[in-house]
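Trainee: As annotated by TrEMBL, domain 'Vitamin K epoxide reductase' applies to 9-157. Per TrEMBL, the feature transmembrane segment maps to 12-32, 85-105, 112-129, 135-154.
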Amino acid sequence: MSILAGNCKCTYTLALVGLSVCGFLLSLYTSYVELRAEHDHTYQAMCDISERISCTKVFTSRYGRGFGIIGPLLGDDSLLNVPNGFYGIFYYFLVAGLSFSNNLAVSRLTSYLILLSNGLSLYLAYLLYFVLQDMCVVCVTTYAVNLVSLILALQKIQALIREEQVMRALKVGKAK
């Protein structure tokens with residue numbers, strides 16, 4: 001049973017790290033597109049498919065920096081009012097690093113971070129669809145990465161708990 005749980009944990013770890021790499025690359029691309037569009041107003045990104053399907057429109061909107069929250073709260077010149085992609089780069093790097101741990105407390109922390117990112121994804125999806133009335137392929141892909149990451153993080157926690165229970169049962173059995 002422990003060997004299966006070990007393989008399962010490894011699979012979840014690799015999948016979480018792989019998704020974090022995808023999220024990292026998406027965030028890097030997001031940041032590149034936003035910064036490039038700010039300096040070159042004629043720039044058209046690969047993800048700009050039509051007037052209603054445009055990631056550049058989303059990334060350069062007022063919600064593309066500091067999630068549309070930090071600017072109004074701390075000012076547009078705040079050091080925290082950076083492109084959302086910068087936050088994503090840091091976040092996915094952090095999640096990838098934490099995912100290597102098989103410690104239950106660290107895995108729970110990782111799942112809380114991923115849960116928070118899913119909440120932020122819901123907020124950004126609302127803005128995308130209802131406020132900006134746009135479709136952003138990169139954004140939606142990022143939301144999917146976050147959702148699948150949450151599912152895997154929760155499954156990893158379940159595997160860690162099962163392994164812990166088995167180890168406790170084995171100790172009790174040996175003590176008798």
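Cβ atoms here come from the backbone N, Cα and C positions, even for glycine.
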Trainee: When you scan the chain for residues with a C-beta under 8 Å from the transmembrane segment (85-105), skipping those not six or more beyond its ends, what do you find?
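Mentor: Cβ under 8 Å, 6 or more out: 9, 13, 16-17, 20-21, 23-24, 26-32, 34, 59, 67, 113-114, 117, 142, 149, 153, 157, 160-161, 164.
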Trainee: By DSSP, how many residues in the domain 'Vitamin K epoxide reductase' (9-157) are helix, how many strand, and how many coil?
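Mentor: Secondary-structure breakdown of the domain 'Vitamin K epoxide reductase' (9-157): 109 helix, 2 strand, 38 coil.
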